[in-house]
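**Q** Mind looking over this structure? Questions follow.
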């Protein structure tokens, strides 16, 4: 051979070395190709879910065929037969077919595999997001736990100072604060005063003007507000930071219902007042306020406001209870005094009643005995007047002295048939001597339709007429007094000042209307509402016309018992007065013989039964300065 040829001699020692290395390499390649499918089959069987099993089978077949070609290649390094060449050719052809099919399948599989990677990234992001949410949830749970604990501590008492002290201490312990303080409004409301701190590192009572911009900023927000560490509100500790200033926040605390709320003597505050809570983190640290810590402070501030409101309401309730107890004690003492006074009054009335009834019975008895003797008509009229006056005085004594009986409503009417005309005759006989002393004329007019007999309480009716007519005579210096009696019309039963009076007209009953009119001193509009009160005296009555002041009050009570109504009318002082009353009386079907015998003589105009000149009577006034007057008959 030519010396320039770069060929390897077949029998050269180097050829054997290369063949040897190729032989070994093909062997290990074939071994690796055969082991890879076994590993794939093993892990696929172990996998519970794998969507590309046919791809793995094709890929395994491709690897096996590749390994087979390398294995068959081991026999080609020496002289080999045609059979080996055929087998090698078939193996390579099969490998080519399988590799092409696998390559085509990978065109569809690779995008899916890429999507799997994207899904993996998406799931990883979702997992990270879930981790963050779980962290937030854990933080919220922790915050809620702290809020529940703080709320429990705050609401464990209803003392306002204890509430504030507990709030600051628990916040400082939960949030690891360097200091926590509360600024309260002063009495004037123009400044904030330091009232509570945790460690008392600042002077209690320090004052900050309320018109500072930072204070207005805190008041105008219901959230936590970050304030500079150099702010006057942040001057709650004496410790100064060397390197990093502390983080300081403030929040307003509404004073919802705090009256008498002040420092040591808490001033009265309106419902729109605010306190300021200041919270400071430790200085010289990299710690900052986190969102859940801010939320915790906001919730606690609201709880403190509610707790302070409840405490204030409780204190007000306790003050009201104490005041009520004092009033009850005073009322109980007054009740005991009133009971003692009532007992003393009843004892006095009982004694006076007994002492007045004893001589009254003697007068009635002697008058009754005199009526049984031979008397002239004039003497008999005088004795009858004495007897009736004594009987009426006994009735008046019973009513006036038994005040408790009148006040508790236990007074009852004595219903019986009586002669109605005779009642007016008796009234005239009683009042005409008094009118004659004052030279007053008394005119009595009885309507023709007025029945002769009626059913009711004659003594009470007579007492009403005497009280009203007696008042007219008492307050009239000159002129006349007229008494008019008739059956009342239904439309005239209501007085001008009694809109709530509703009379009931029924069969067998009628309303007696009595009008007493005088030309006396009259009643002023100011005195009109007080005329029916007990012990009431008109200002224009004068000291000579003073009396007990019970007449009209008793008359109104009797009129009410008789289902009637009474009122007064006057145009003013010096223009006279008109008294009008209605009482309900029964109408008897057949008057008995006694009533017929009691029928009086008809009253003549301007004259009562007997006339003024037919009497000789002594008249005594309740005023001791009025002299005794004796009116003697001129006949």
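Note: Cβ is positioned from N, Cα and C throughout, glycine not excepted.
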**Q** Out of 94-114, 115-135, which range is noted as transmembrane segment by Swiss-Prot?
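**A** The range carrying the transmembrane segment annotation in Swiss-Prot is 94-114.
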**Q** Do you know which of 59-79, 143-163 Swiss-Prot annotates as transmembrane segment?
**A** 59-79
**Q** Tell me which of 24-44, 171-191 corresponds to the transmembrane segment entry in Swiss-Prot.
**A** 24-44
**Q** So which of the recorded positions is most packed in, judged by how many other Cβ atoms lie within 10 Å of its Cβ, out of 70, 354?
**A** 70
**Q** What is the Cβ neighbour count of residue 66 (Cu cation binding site) at a 10 Å cut-off, with all protein chains included?
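**A** If we count other Cβ atoms within 10 Å of residue 66 (Cu cation binding site), we arrive at 21.
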**Q** Check the domain 'GAF' (159-308) for me and report the mean pLDDT.
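**A** Within the domain 'GAF' (159-308), the model's average pLDDT equals 81.
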**Q** Rounded to the nearest Å, what's the C-alpha distance separating residue 354 (phosphohistidine) and residue 70 (Cu cation binding site)? Just drop the number here, would you?
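**A** Cα-Cα, rounded: 153 Å.
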**Q** Could you break down the residues of the domain 'GAF' (159-308) into DSSP helix, strand and coil, giving a count for each?
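**A** The counts are 44 helix, 36 strand, 70 coil.
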**Q** Let me spell it out: take the transmembrane segment (94-114), skip the flanking residues so only those 6+ beyond its ends count, and list any with a Cβ under 8 Å from a Cβ in it.
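**A** For the transmembrane segment (94-114), the list is 52, 54-55, 58-59, 61-62, 65-66, 68-69.
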